[in-house]
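Structure record follows, encoded as structure tokens.
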Amino acid sequence: MEVHSLNKISVIFSFLFFAMGAATLALGQGTRVGFYAAACPRAESIVQSTVRTHFQSDPKVAPGLLRMHFHDCFVQGCDGSILIDGAGTEKTAPPNLLLRGYEVIDDAKSQLEQACPGVVSCADILALAARDSVVLAGGPGWPVPTGRRDGRVSLASDATNLPGFRDSVDVQKQKFAAKGLDTQDLVALVGGHTIGTVACQFVQYRMYNFNSSVTVDPSISPSFLSQFQSLCPANGDASKRVALDTGSENRFDNSFFGNLQSGRGILESDQMLWTDPSTRTLVQRFLGIRGLLGLTFSAEFARSMVKMSNIGVKTGTDGEIRRVCSAIN
């Protein structure tokens, strides 16, 4: 697995280097690929081995860590503020209550503090862990610019700008644009829903109480409705989890977009990427539909992840390097 993973990272690195330009890999704000090469040369391998160990015990940590990184970057920037414990912190905000994988970050941090005390930030550990999780799920690797420092502020009230499961495409675009991400980034990053699950409480309304005019969300394929209802019955367990990418929840691939095309998207906000003409073309390009200039999902997802992972980062003397990821120094 390790040699295979490194080969995948090398291939994507080459694509990014030539497609984006070498300067983009530094991405300003002080982050750069290989930031820890001198100060903590084993940093990335320690994170990689830690994520692999936890993944082998529970593959669900992969989508958990990917979501956690996304939620961290959209609030206060990619500064590890999602990791801080305490009343009223980001971790306690409703969109973050079901995130998982904190123990993986704590484990990696503990090992890194033994190897290189006070050097590697929790924000960087999370960014690296998200990449390694995607690789373990069969997705692409990419070079992660590092050098982030950890934030000292974590407020649940700041999490209101996270994209929501009922957001229209226009609202999704606005939230992504506010972070410097364009529509292609939006579609590519939402494609991360190719792995993982969601609780029925967030999708039941689509089948039983969509709005005042119709009971069932008309964007759900009639041929999929009975299966969807069997997964999340009307009076069933609202905490039961259902795959975001039906038939492929543990494999990172582009089948997620095929499900959108077939009206089998699970989240309303996901299915809207197909029903809205402004994003449908991008979904079609990721699917390689004839007559359109194709987009390679794995490469574009990697590109957008590098871009997202540099939202509002703290570098230099800003922020701190936490001793433990769950508490400010």
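Glycine residues also receive a Cβ, built from the backbone N, Cα and C atoms like all the rest.
These numbers come from a predicted model, not from an experiment.
The annotation domain 'Plant heme peroxidase family profile' is assigned in TrEMBL to 30-329.
Within the same chain, the residues at least 6 positions away from CYS116 (disulfide bond) whose Cβ sits under 8 Å from its Cβ are TYR36, ALA39, CYS40, ARG42, ALA43, listed in sequence order. Residues or ranges marked as disulfide bond by TrEMBL: CYS40-CYS116 (among others).
All protein chains considered, the CB of ARG67 (site 'Transition state stabilizer') has 23 other CB atoms within 10 Å. The site 'Transition state stabilizer' feature in TrEMBL is assigned to ARG67.
Per TrEMBL, the feature active site, proton acceptor maps to HIS71.
Feature annotation from TrEMBL assigns Ca(2+) 1 binding site to ASP72, VAL75, GLY77, ASP79, SER81, GLU90. ASP72 (Ca(2+) 1 binding site) counts 28 other C-beta atoms within 10 Å of its own C-beta, drawing on all protein chains shown.
If you look up TrEMBL, you'll see CYS73-CYS78 (among others) marked as disulfide bond. On its own chain, CYS78 (disulfide bond) has HIS69, ASP72, ALA123, LEU126, ALA127, ARG148, MET308, SER309, ASN310, ILE311, GLY312, VAL313 as residues at least 6 apart in sequence with a Cβ closer than 8 Å to its own Cβ.
TrEMBL lists CYS122-CYS325 (among others) with the feature disulfide bond. Taking the Cβ of CYS122 (disulfide bond) as reference, residues of its chain lying under 8 Å away and at least six apart in sequence are, in sequence order, GLY80, LEU83, ILE105, LYS109, ASP150, ARG322, CYS325.
Positions annotated as substrate binding site by TrEMBL: PRO163. Note: PRO163 (substrate binding site) has non-local neighbours PHE74, VAL171, GLN172, LYS175, PHE176, SER269, i.e. same-chain residues 6+ apart with C-beta under 8 A of its own C-beta.
Taking Cβ-Cβ distances under 8 Å and a sequence gap of 6 or more within the same chain, the neighbours of HIS193 (heme b binding site) are LEU244, ASP245, PHE256, ILE266, LEU267, ASP270. Residues or ranges marked as heme b binding site in TrEMBL: HIS193.
The Ca(2+) 2 binding site annotation in TrEMBL covers THR194, ASP245, ASP253. With a 10 A radius on its CB, THR194 (Ca(2+) 2 binding site) counts 28 other CB atoms from all the protein chains.
The disulfide bond feature in TrEMBL is assigned to CYS200-CYS232 (among others).
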Distance, ARG67 (site 'Transition state stabilizer') to VAL75 (Ca(2+) 1 binding site) (CA atoms, angstrom): 13
CB within-chain contacts under 8 A for CYS200 (disulfide bond), separation at least 6: LEU231, CYS232, GLY236, ASP237, ALA238, SER239, LYS240, ARG241, VAL242
Cα proximity to ASP253 (Ca(2+) 2 binding site), best match among recorded positions CYS73, GLY77, ASP79, SER81: CYS73
Listed recorded positions among ARG67, HIS71, CYS73, THR194 whose Cα sits within 10 Å of ASP79 (Ca(2+) 1 binding site): CYS73
Whole-number mean of pLDDT values that fall within the domain 'Plant heme peroxidase family profile' (30-329): 97
